[in-house]
Amino acid sequence: MSDIEEGTPTNNGQQKERRKIEIKFIENKTRRHVTFSKRKHGIMKKAFELSVLTGTQVLLLVVSETGLVYTFSTPKFEPIVTQQEGRNLIQACLNAPDDEEEDEEEDGDDDDDDDDDGNDMQRQQPQQQQPQQQQQVLNAHANSLGHLNQDQVPAGALKQEVKSQLLGGANPNQNSMIQQQQHHTQNSQPQQQQQQQPQQQMSQQQMSQHPRPQQGIPHPQQSQPQQQQQQQQQLQQQQQQQQQQPLTGIHQPHQQAFANAASPYLNAEQNAAYQQYFQEPQQGQY
C-alpha cells in the first residue's frame, strides 16, 4: 500500500505531487519511536473527530512497543478502560500468544506425539517377539518329549537310557557282565553271613566250657578287634582237631589244644599268664 496525498495548487497554477510512502516495518528503532508518537496523536484526533461529527461511540486502544496502553473512548465505553475487570481483560489479550507462535507450538506438539508413538511401537515389537520365542521353545521341547509321554516310559528305563547315552554306546556284553557280577556278590553276602553265624555260636560255647581266670587276663571284649578274630580262629581250629581225634577217657591237657596260645598280638605279661594257665592240669573241671 502507499499513502498518496492530493495535490495542492501553487501560485503558478501547477499542482505539486506529494511523495509516496511505502508501508513496511521500520528497522531503525529511533525512527520507529518517532513515527509511533506522531501517528498515535493523529489517530486519537481522528477518533475524537469521528465521534463528534457522527455522534457514534468510539473505543481506541493503542499499545506501545514497551507495553504502555493508550486509550480513547466515548462515555459509554469508559467502564472498559477504567474498571479493574476491563483492564484485566485487556492485559489477558495482550499476554495471549500470537497466531504464528500458536501454529508453531501446535506443529511441535504434533511432532513430539509422532515421536512418542514411534518409540512406543518400537518398544512393543520386542516385547511381542519375546513371548513368541518362548512359546516356540516350549513347543519344541514338548514335541521332543511327546513320544516319552505317550509310551509312558518308567523312570528306571529313562535313567538307564541316559546312562547308556553318556557312556557313548558302550559294549552291551560288558554291561551284562557287570550286572552278573553285582548279582553274584549280592547272593554271596547272605551265604557268608549264614556261615559266620554257626562259627560264632560254636566259639561262644567253647569259651563257656573253658573258663579263664580273671586275674592277669584281659576280657575279650576289651581287646582289639584283631585279637578277637585271632582267638576265634584258634578256637575253631581246636574244635576241628577235637572232632577229628578219637574220644578217649583221658583228657589231654590244654597245652596241646592251645598250642598257639602265645599269640604275637599279646604282650609279655599276657603271654606269661597264658603259659602258666595252660601248663596247670585242668582235669578237675571236667
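Cβ coordinates come from backbone N, Cα and C, glycine included.
Among the candidates Ser144, Ser164, Ser176, the residue that Swiss-Prot annotates as phosphoserine is Ser144. Per-residue pLDDT, averaged over the domain 'MADS-box' (18-72), rounds to 92.
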